[in-house]
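K.L.:
Below you will find the structure I want to go over with you.
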Amino acid sequence: MVASMFASLVTRNYGRRPSMLIGGVSFLVGAGISGSATNIYTLILGRLLLGVGVGFSNQSVPLYISEIAPSKIQGAITNGFQLCVGLGVFSANLINVGTQKIADGWGDRHQCEAFYAPVLFRTIGLKEGASLISTVVTGSIGIVATLASMVLVDRLGRRVLFITGGLLMILPNAVIGAVLTEKLRDLGEMSRAGAYSVLISISVYILGFGWSWGSLGWLVPSEIFPVEVRSAGQSIVVVVSFFFTFVIAQTFLAMLCSFKAGTFFFFTWWILVMTAFVFWFLPETKNVPLEKMMGVWREHWFWKRIVGGREEFESGEKGSELEHFGGA
């Protein structure tokens, strides 16, 4: 989060390329130090450098891609950023599967970076090996969903993918909560059929996420801000995203232990709120050049009250032109 704020200053004052280079170098050095770490202090240093790389890259790369891509395929090109992230996560899961049996602690060295998905799958009854393989399967589903989003985002639009993706996330969450409530009664064990129904629901959820919020969560913020504040706006997006990712990562297992099945109903409610917000308040931005983006907001039924309507916008433009020619 801190690195993203510094990245905004670098991106605004020195350009996108320096920020991307700083992020890339930090990634390389951090990965090398983490992979060769022999004590906790070296590992922490590597993790800090990886954090710097993540902060700078997430702030500058989507911004740069959205600026250089033609407006007609801007969504597809910018969503390529999420595709690369998904491929990286998929590769990490493959490494976790391949190193789980390595002796002398080297397998643990790689698996310390594993996500909560294997823990969740073990919670519903799958063995450790099967749970790791399940994360590979769900990771491949996420990649397919991202590819589908790249193909369709500039045809169907951002709103359609957000809303359909939200529905694909809401229904599986509700199903998982219902299955856990019925099968476990928050105390018992789950049958194999119940475990696989949860696995299928998680796969559908990941499909919806990759289709919508996983990809568009980077695309839409990178194209909606005015040129003057694009760098700062993208930094705020990254900071907010990382903050809530941190909160969820730190609280999810505790919530699962305390709320049990209710955890999934809790997230179902918030996804419903997110989808409703998109339906009512997010204007469509497909095929809109960045320099004309403010016109979209000035025509929206709600935001025009804040940023000014078309008439005010056009009068402001004419005033600027008259001032320009008068000064000449």
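Using N, Cα and C of the backbone, Cβ positions are placed for all residues, glycine too.
Note that the structure is a prediction, hence the values are computed from the model and not measured.
This is the feature table in TrEMBL:
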- 1-286: domain 'Major facilitator superfamily (MFS) profile' (DOMAIN)
- 20-41: transmembrane segment (TRANSMEM)
- 132-153: transmembrane segment (TRANSMEM)
- 159-181: transmembrane segment (TRANSMEM)
- 193-213: transmembrane segment (TRANSMEM)
- 233-257: transmembrane segment (TRANSMEM)
- 264-282: transmembrane segment (TRANSMEM)
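Surface or core, plus neighbours and distances: that's what I need for these features.
P.N.:
Residues 7, 10, 47-57, 60-61, 64, 109 of the same chain lie 6+ residues outside the transmembrane segment (20-41) yet bring a C-beta within less than 8 angstroms of a C-beta in it.
Counting residues 6+ beyond its ends, the transmembrane segment (159-181) has Cβ neighbours under 8 Å at 124, 149, 152-153, 190, 194, 197-198, 201-202, 204-205, 207-209, 211-213, 215-216, 260-265, 267-268, 271-272, 274-275, 278-279, 282, 284 in the same chain.
Remote same-chain residues near the transmembrane segment (233-257) are listed as 1, 4-5, 7-8, 11, 55, 58-60, 62-63, 116, 119-120, 123, 217, 221-222, 224-225, 263, 266 (criterion: CB distance under 8 Å, separation of at least six residues from the stretch ends).
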K.L.:
Between 0 and 100, where does the mean pLDDT of the domain 'Major facilitator superfamily (MFS) profile' (1-286) sit?
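P.N.:
When the pLDDT values over the domain 'Major facilitator superfamily (MFS) profile' (1-286) are averaged, the result is 85.
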